[in-house]
Amino acid sequence: MDPLFNTTDFNGTGNNGSGNGSDGLNQFVQPVWQIALWGVLYCSTVAVSVAGNMVVIWIILAHKRMRTVTNYFLVNLAFAEASMSAFNTAINFAYAVHNEWYFGPIYCRFHNFFPIAAIFASIYSMTAIALDRYMAIIRPLQQRLSSTETRMVVLVIWTLALLLAFPQYHFSSIAALPGRTVCYIDWPEYSSLDFRKLYYVCVTVLNYFLPLCIMGCAYSIVGVTLWASEIPGDSSQRYKEQLIAKRKVVKMMVVVVCTFALCWLPYHVYFLLHEFFPELFEKRYIQQVYLGVMWLAMSSTMYNPIIYYCLNSRFRAGFQQVFCCCSPTVGKEELELRSPRYMQTQMSIYRASRLEAAVSTSVEMKTE
């Protein structure tokens, strides 16, 4: 939506909170050191986000053991977040600081359109994971999604995302004001309907509150099921391992969802206030608030790879394979992304074969 992505109203009042005078000049001029600090923060976010999410995609697609339904949705989540970070974060910062559009009309449309779609794809990928975990744990006898069905769900998510973001593309334009060029959204005006406010409220509900409610309900039920009772003492080792693995996956995804919710909450509060109480955004300090709110929202794209590394042993092994390939401390079993149970099985087979060879040798020696 245009306040986040620095579009500007045609009358010269910046939707990003920087209310400019009628002369069209940017009245918010920050010291160079402040711009430099913000620049380092934004560029670091882009670097960590793009690198981390690309590694996540590689870990899943390059290793057959990682190609599960949940992980296919994680690929979609990583792609959406890496794309938004690469194509929009730095541009957001440049436009917020200079309040002038340097990138032409085509990129203006893309700049307003794509982030809405990417946010939708991100949060509904997380919603799909929550529902998949719910079905796997609460209704284990029901048939799981196949790879083809998972790809179809991803396609539906992106189709709905593009449809939701289309008004941002359709109404985007640029205009030359005295002293600067702006990228703005020329919303239609209706006497009985404020289309802009209606659209923003719908986007906020569909892109934030609705999916969070769905995920909250799903993970609450799953959590009660997984943690309400202790593991029976006479349970098999495999049952215990499966239950612990399910708990770890759910715990990791709850951390991912909570991080996303916390990062985007100030953004939604900020821009809903902007729509209904615009007089609050005429202060000079509001540009600093805007830069902080925008950075926090954009930074949500870089946390997931860190969470995966900390809470999932297979992702940790994958990251070590990429970044620590020369380190002797990285075990072979981690580099191959083998599960502990797999390694135990392989070790048992190895020991059995060694024992068989030893017995055979002993028998031959006695025969001689």
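Here the Cβ of each residue, glycine as well, is placed from N, Cα and C on the backbone.
Automatic, uncurated: that is what TrEMBL annotation is.
Note that the structure is predicted; figures quoted are calculated from it, not measured.
Per TrEMBL, these features apply:
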type: TRANSMEM; residues: 35-61; note: transmembrane segment
type: DOMAIN; residues: 52-308; note: domain 'G-protein coupled receptors family 1 profile'
type: TRANSMEM; residues: 73-93; note: transmembrane segment
type: DISULFID; residues: C108-C183; note: disulfide bond
type: TRANSMEM; residues: 113-131; note: transmembrane segment
type: TRANSMEM; residues: 152-171; note: transmembrane segment
type: TRANSMEM; residues: 198-228; note: transmembrane segment
type: TRANSMEM; residues: 249-269; note: transmembrane segment
type: TRANSMEM; residues: 289-311; note: transmembrane segment
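With respect to Cβ pairs under 8 Å, the transmembrane segment (198-228) is most closely packed against 113-131, considering the stretches 73-93, 113-131, 152-171, 249-269, 289-311. Sequence-distant contacts of the transmembrane segment (249-269) (same chain, at least 6 residues past either end, Cβ-Cβ under 8 Å): 4, 70, 119, 122-123, 126, 129-130, 133, 137, 204, 208, 212, 215, 219, 222-223, 226, 293-294, 296-297, 299-300, 303-304, 307-308, 311-312.
Taken residue by residue with DSSP, C108 (disulfide bond) is part of a helix. C183 (disulfide bond) falls within a strand segment according to DSSP. Long-range neighbours of the transmembrane segment (152-171) within the same chain, counting only residues 6 or more positions beyond its ends whose Cβ lies under 8 Å from a Cβ of the stretch, are 1-2, 72-73, 76, 109-110, 112-118, 120-121, 124-125, 128, 145, 185-188, 199, 203, 206-207.
Over the domain 'G-protein coupled receptors family 1 profile' (52-308) the predicted model carries a mean pLDDT of 90. Around the Cβ of C183 (disulfide bond), 26 further Cβ atoms fall within 10 Å across all displayed protein chains.
For the transmembrane segment (289-311), same-chain residues at least 6 beyond its ends with a Cβ under 8 Å from one of its own Cβ atoms are 4, 16-18, 38, 41-42, 45, 48-49, 52-53, 55-56, 74, 77-78, 81-82, 84-85, 88-89, 92-93, 96-97, 248, 251-252, 255-256, 259-260, 263-264, 266-267, 270, 319.
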